[in-house]
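Participant: Taken from TrEMBL, the feature signal peptide applies to 1-21. If you look up TrEMBL, you'll see 22-220 marked as domain 'GH16'. According to TrEMBL, the feature active site, nucleophile maps to 106. Sequence annotations record features per position, and here TrEMBL assigns active site, proton donor to 110. Taken from TrEMBL, the feature N-linked glycosylation site covers 114.
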C-alpha cells in the first residue's frame with residue numbers, strides 16, 4: 001500500500017516533468033517565431049494564424065524571408081505548394097546560406113517554373129568555401145502545385161542530403177580526403193525567395209514570364225528546424241550525440257538508397273558530374 005501511495009504521489013510530478021520537456025522541445029507553431037521577412041513584406045501574407053504563409057510575385061516585386069538564427073549542422077524542412085499553371089520564368093527557392101561573400105557555403109533548392117503541362121524541375125546546388133557550380137536537376141514525379149510536399153536538407157559532418165517527401169534526390173558526401181571542401185565551419189541561415197528569373201530558369205531562358213497570369217503564389221507551412229543555433233553552446237556542433245550525427249545518418253540506409261537510385265535512374269535531367277563540356281575531367285567528389 002505504501003508503495004502504491006508513493007507511485008500515486010510521484011506520478012503527477014513525472015507528468016509535469018514530461019509535459020515541460022515536451023513544451024521545451026516543441027517546434028514553433030507559427031512562421032514569425034523562427035523567421036523574419038527580408039524583402040517586400042507587402043508580398044508575404046500570413047494565413048491560418050501564421051501557421052501558413054503566402055509568397056507573392058507580381059510585376060512590382062518578388063519577396064523573401066530568412067530564419068532569425070543561423071545553424072551549424074542539423075535538419076531543416078518545410079512543406080511547400082508551388083505556383084500552379086503557367087509558372088515559366090519564376091523561381092521559388094529554399095536554401096541555406098552562410099551570408100559570407102568570397103567563401104560562402106550554400107545548400108540550394110530552386111524550383112524552376114514551367115509552361116502548363118511540362119514537369120516541374122528542382123535544381124540543387126552546393127557551395128563549399130566559395131566553390132559552387134555543382135548543379136543537378138530533377139524532374140519531380142508529381143505535380144508540386146496540386147498539394148503540399150515536404151522538402152528537407154539534412155546536414156552533418158559526413159554528408160548533405162536533399163530530400164523530397166523523405167525520398168533523397170541529392171547526396172553530397174564529405175570528400176575532404178580527396179581535397180574537396182565540405183561546408184562544416186560556417187553556420188548558415190535558412191532562406192526562401194520567390195522571384196523573376198526568366199533569363200535562365202525555364203529552358204535556359206527561352207520561356208519568359210507571362211505577366212497576364214500574375215500574381216503568382218507559393219505557399220509554405222510546417223516550418224521545422226532542428227540544429228545547433230549560433231550563437232549558442234559552442235559544443236553543440238561537435239556533439240556526436242546529436243541525432244543527425246548518428247550512425248544511421250552517416251550514409252543512406254538500404255531503403256533510402258533504393259529510393260535515391262530510383263530518382264537517379266528515372267528523374268535526373270542534368271548532372272554537372274557528367275557534363276564533359278564544363279568538366280572534361282570529372283570532379284573528384286563525383287568519382
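Cβ from N, Cα, C; glycine included.
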Participant: Within 10 Å of the Cβ of the residue listed as 'active site, proton donor', how many other Cβ atoms are there?
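Facilitator: By my count, 19.
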Participant: In Å, rounded, how far does the Cα of residue 114 (N-linked glycosylation site) sit from the Cα of residue 106 (active site, nucleophile)?
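Facilitator: Here the two Cα atoms are 25 Å apart.
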Participant: Under a criterion of Cβ-Cβ distance under 8 Å and sequence separation of at least 6, what residues of the same chain contact residue 106 (active site, nucleophile)?
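Facilitator: Same-chain residues close to residue 106 (active site, nucleophile) (Cβ under 8 Å, separated by 6 or more) are 95, 96, 97, 98, 125, 126, 127, 132, 183, 188.
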Participant: Can you tell me how many other Cβ atoms are located within 10 Å of the Cβ belonging to residue 114 (N-linked glycosylation site)?
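Facilitator: There are 24 such Cβ atoms around residue 114 (N-linked glycosylation site).
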